[in-house]
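Below is one structure, written out as structure tokens; comments come after it.
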Amino acid sequence: MSAPRNTFLPRFAIAALVGAALVALADANLNPYLLSIIQFIGLNIILAVSLNVTNGFIGLFSLGHPAFMTVGGYVAAILVIPPERKAALLPDLPAFLAAQEWSFLPALIAGGSVAALVALIVGFPVLRLRGHYLAVATLGLIFIVQSFAVNLRGVTRGALGLSGLPELTNLWWVYLFCLVTIYVCWQLKHSSLGRTMLAIRENELAASCLGVKVARMRILSFVLGAFLAGIAGGLWVHLVTLISPSSFSFILAFEIVVMVVLGGTGSITGAVLVAVVLSVLTQLLRPVEEAANLFGASQMIVAFVVLVVLITRPKGLFGTAEPDLVGWLLRPFRKSKAA
Amino acid sequence: MQNTMKRLALAAVTSLSAAFALPALAQDINIAALYNVSSGGLTSLDVPSLQGAQLKAKMINDAGGLLGGRKIVVTAIDTKNDTGETATAAKRAVSMQGLVAGIGQSDTTFALAAAPLFQTAKIPFVTSGATSPDLPGMVGDEMFLVPFGDDVQAHAMAEYAYNTLGIKTVAVWTDNAMDYTTGLSKYFKERFTALGGKVLIEDVYTTTDQDFSAQVARLQSTEGVGALFASSGPDTAGIIIKQVREAGLKLPIFAGDGFDTDLIVTVPGKELSDNVYFTTHAYVGLDTGPANEFRTAYKKEYGKDPENAFAALGYDTMGLVADAITRAGSTDPVAVTKALAETQKYDAVTGTIAYPAGKRVPSKPVAIMHVEKGTVKLDTTVTPKG
Amino acid sequence: MNGAYLLSQVANGLILGSMYALIAIGFSMIYGIVRLINFAHGDIFTIGAFATLASIAVIQAPFPVVLAIVLVVGAAVGLLIERAAFRPMRGAPQVTGFIASLAVSIIIENLAVLTVSAQPRTFAVPAYLNRLIPLGGLNVRMIDIAIVLLAIILMIALVLFVRFTKIGVAMRATAENYDVARLMGININRMIGIAFAIGSALAAVAGLMWGTKYGQISPLMGVLPGLKAFVAAVIGGVGSITGAVLGGYVLGMAEVLFVGLLPPEYSGYRNAFVFGALILVLLVMPNGILGRSTEQRA
């Protein structure tokens with residue numbers, strides 16, 4: 001079952017090193033298109049694992065990730081664009097923004113922070129809602145953020161979006177933030193804070209009777225998820241080289257939620273695995289779709305798989321458990337040693 | 001479970017290695033065509049453009065290819081009416097081995113999503129239908145336009161409205177979700193007011209809107225509006241005509257080349273599609289050699305007349321790129337860019353293309369079309385001065 | 001701003017509201033019985049529009065026949081979805097059904113893109129529906145009057161059905177208390193099926209209206225009206241049929257007046273306004289205007 005905490009760090013370090021070697025290998029050998037596909041997979045991992053904090057650990061059903069990605073993406077993009085290009089692209093930008101030219105990492109973190117701030121402000125009223133109602137309110141948040149992005153033309157260039165952004169995101173950045181996200185979420189889940197969150201999910205009344213500040217915990221998890229989503233938004237924007245109000249739609253919310261639910265709400269390993277499998281599946285189906293001229297078939301197949309899994313395994317693939325993947329991968333070697 | 005995972009991993013590895021082996025024969029001349037072919041109103045412009053481009057490539061190949069028998073291979077990539085998909089498609093295109101040039105897109109917003117990636121990769125991108133005159137300035141020296149700029153067509157419309165039709169007051173509706181429509185409105189208002197006309201009301205909407213009842217009511221309640229300038233892409237073109245006419249408003253409707261789609265007749269129906277004027281790329285009335293050749297070839301290949309001017313633009317784009325490759329004598333993108341920039345006189349279906357002195361937007365004739373009871377007819381052709 | 005202008009905007013709100021109300025009823029009925037927010041509901045609206053296109057263009061059916069076909073197609077698709085996707089996962093957590101409905105929605109949309117292509121399509125409406133009728137200083141089209149009247153007739157019929165027939169009583173009992181209703185010998189599956197069939201048929205009729213009014217339909221047309229109708233259902237009080245009707249009209253009217261009365265530069269905030277209103281209503285009146293407090297929402 002779930003790996004004991006004391007074995008986590010060494011395993012994580014081994015996995016991180018192996019991953020870094022693979023990243024170096026890929027970076028040196030693959031063409032930019034294949035690299036960008038791998039980066040999209042990495043972004044999906046960040047998104048799924050971070051949404052898991054809200055939806056999995058504490059059991060708040062939020063669909064708001066695309067809204068936070070939009071916020072994070074715009075903030076990072078506006079801070080990074082050099083002033084001379086801003087003058088052409090965004091002539092009406094307020095002077096204090098027009099003069100900024102940040103480097104990538106601070107801009108990403110600023111994007112995440114603003115997204116977290118939005119989550120904090122929105123969270124106070126919205127997190128009072130439950131279940132379906134929270135889901136729909138956060139869905140509404142996507143449309144509201146979109147509306148603002150369309151209409152605050154001086155800052156966002158409206159529905160036209162900001163294009164021709166520098167290609168700053170590379171595999172190393174995505175890999176770094178994948179590691180950070182997984183590490184933070186894993187440590188959170190196995191800390192007393194994380195246990196408290198799980199307790200709220202299992203029985204809110206009992207938890208609050210034991211003195212847990214339920215409202216505060218909810219906001220905390222919502223804000224953490226939003227921060228990571230904001231960073232993912234900034235990375236996405238500088239990978240695709242543009243952002244528009246429709247870049248992050250509620251279809252994306254659906255895709256991320258599916259990763260969390262199929263992996264088992266609360267299971268980080270599950271979220272990572274399903275994020276990888278679903279992204280690879282979509283990419284594999286794409287050439288088939290183009291060759292057969294059946295545009296839309298890939299989305300349909302993925303949705304169909306989701307239905308089948310929901311019917312046959314309503315708790316997701318792993319529930320809340322963290323299967324010991326490193327051990328599983330190493331097992332054949334141990335066996336051969338023994339033999 | 002474990003078996004499934006092993007199989008999945010195996011499948012992933014196999015397909016990745018398949019993706020590596022993207023074939024690119026040294027003999028072929030690779031051109032990537034980025035168009036929205038599967039969704040959105042832009043398909044009614046993009047599909048004819050792509051067909052036009054493929055037709056021209058086929059004709060060149062049938063006539064023996066380029067540079068001593070090398071064949072043109074057009075790889076069409078669907079950009080799915082989504083700017084993110086467009087940028088990803090551009091990334092995929094520039095990763096192709098031996099790509100000579102990229103072509104495509106009928107809308108400025110989409111061209112802006114793709115072209116900067118070609119610019120970074122130092123490969124020319126020639127748009128067949130995006131019309132913002134600011135494009136080369138915003139993207140860089142790899143960006144070329146085959147159509148005229150929006151300033152030219154909006155000015156032509158404004159002059160035609162004021163001088164020929166005697167319209168002195170207009171209402172302007174703008175789709176503020178497209179670069180094309182916002183630019184078009186700007187140029188139209190600029191010229192119309194300079195001539196002495198007045199813009200009485202302005203209204204905005206977005207591409208996905210379907211209900212214009214509020215805007216129509218506002219138009220109805222404004223006194224003395226002589227005509228409506230609807231700066232719209234193909235998505236809303238037909239709906240606007242329908243809803244304005246259904247409210248009993250008979251005033252003339254003016255528009256740009258975003259109206260060059262059959263949706264302006266099919267959506268409102270023949271009866272309501274009336275008293276509409278729009279500008280588009282000239283070819284319909286032209287009786288030149290290239291225009292007649294194009295019409296015959298298109299009909300023979302696809303069994304129907306060209307849907308609109310965008311078919312001709314796609315055809316011209318492929319022709320221009322092929323001409324540049326021949327003049328460059330090479331498939332090196334740098335040499336092709338240089339040859340494109342030096343284009344002095346390419347006789348295209350939609351008029352002569354020349355890029356004088358670093359300007360990568362051609363000055364071409366504008367056709368003003370008149371729709372009467374569902375029949376689209378050429379009214380006049382305006383050739384811009386200078 | 002004059003009286004005629006205001007009046008024509010109110011008429012527009014009424015028409016939009018009629019369509020929202022018809023879609024919202026289905027949301028409410030289904031939610032009332034199975035506690036499921038069915039996101040595929042907006043796609044049934046789309047299917048209704050395409051069924052209209054097919055029956056007009058392919059078999060040239062007269063309008064009343066088209067209406068009947070659309071009702072039947074809507075009900076059949078609703079039943080099919082319930083049987084194939086939702087029944088197998090009944091009893092699973094609420095969220096599971098919600099995601100399943102999103103998956104169904106994506107399947108329908110892409111199936112539509114694959115079969116009829118994503119290009120917007122148009123259909124010819126019989127000429128008599130387009131006739132202008134002067135009505136107290138306003139020029140109203142026949143179709144507008146037909147939409148409002150048809151919506152009202154269907155809604156009255158539904159209310160009578162639910163209130164006075166045996167099945168209607170059984171449905172209300174099921175909505176009141178699922179388990180007790182089952183113990184009383186009510187065939188729950190049948191009740192759920194009926195709710196899906198009726199709700200979907202009404203949404204399909206709304207699709208017919210939307211297509212005839214705006215003249216252009218596409219596979220993704222149902223997404224936004226579907227979501228907004230859901231907002232209408234929440235405003236009116238989810239689970240209540242009259243609430244859904246009221247919510248539909250309130251939302252349609254508010255949306256049109258928002259665009260019509262404020263200066264044009266604000267009309268871009270149309271969707272933000274709708275969803276902002278949703279969040280506000282949820283916080284201030286968690287049970288909506290007519291909903292009864294049966295469970296905790298906030």
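Cβ atoms are placed via backbone N, Cα and C, with glycine included.
Bear in mind that TrEMBL entries carry predicted annotations, made automatically and left uncurated.
Because the structure is a prediction, the values reported are computed rather than measured.
When Cβ-Cβ distances below 8 Å are used as the criterion, the transmembrane segment (C:6-27) is approached by residues 37-38, 41-42, 44-45, 78, 136-138, 140, 144, 147-148, 151-152, 154-155, 158, 198-200, 202-203, 205-206, 209-210, 213, 225-226, 228-230, 232-233, 236, 238, 241, 244-257, 260-261 of the same chain, each at least six residues removed from its ends. Among the features that TrEMBL reports, transmembrane segment is placed at C:6-27 (among others).
Look at TrEMBL and you will find C:39-59 (among others) tagged as transmembrane segment. Beyond the transmembrane segment (C:39-59), the same-chain residues lying 6 or more positions past its ends with a Cβ under 8 Å from any Cβ of the stretch are 23, 26-27, 30, 65-66, 69-70, 73-74, 77-78, 81, 98, 101-102, 104-105, 108-109, 112, 116, 121, 123-124, 199-200, 203-208, 210-212, 217, 219-227, 229-230.
Taken from TrEMBL, the feature transmembrane segment applies to C:65-86 (among others).
Summarising the annotation, TrEMBL assigns transmembrane segment to C:98-118 (among others). Among residues of the same chain six or more beyond the transmembrane segment (C:98-118), those with a C-beta under 8 A of the stretch's C-beta atoms are 36-43, 46-47, 50, 81, 85-86, 89, 218-220, 223.
Annotated transmembrane segment per TrEMBL: C:138-162 (among others), in sequence order.
According to TrEMBL, the feature transmembrane segment maps to C:191-210 (among others). Through the fold, the transmembrane segment (C:191-210) approaches residues 18-20, 22-23, 25-30, 32-34, 41-42, 44-52, 66-67, 70-79, 81-83, 87, 147, 150-151, 154, 158, 167, 170-171, 174, 181, 217, 221-222, 225, 229 of its own chain, all at least 6 residues removed from its boundaries and within a Cβ separation under 8 Å.
With a cut-off of 8 Å between Cβ atoms, the residues of this chain six or more beyond the transmembrane segment (C:230-251) that come close are 13-14, 17-25, 27-29, 31-32, 37, 41, 155, 158-159, 162, 175, 274-275, 277-278, 281-282, 287-292, 294. Look at TrEMBL and you will find C:230-251 (among others) tagged as transmembrane segment.
The annotation transmembrane segment is assigned in TrEMBL to C:272-290 (among others).
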Remote residues contacting the transmembrane segment (C:138-162) - C-beta distance under 8 A, at least 6 residues beyond either end: 4, 7-8, 11, 14-15, 18-19, 21-22, 25, 67, 125, 128-132, 168, 171-172, 198, 202, 205, 209, 212-213, 241-242, 245
For the transmembrane segment (C:272-290), sequence-distant contacts whose Cβ falls under 8 Å of one of its Cβ atoms, 6 or more beyond its ends: 228, 231, 233-238, 240, 242-243, 246-247, 250-251, 254-255, 258, 297-298
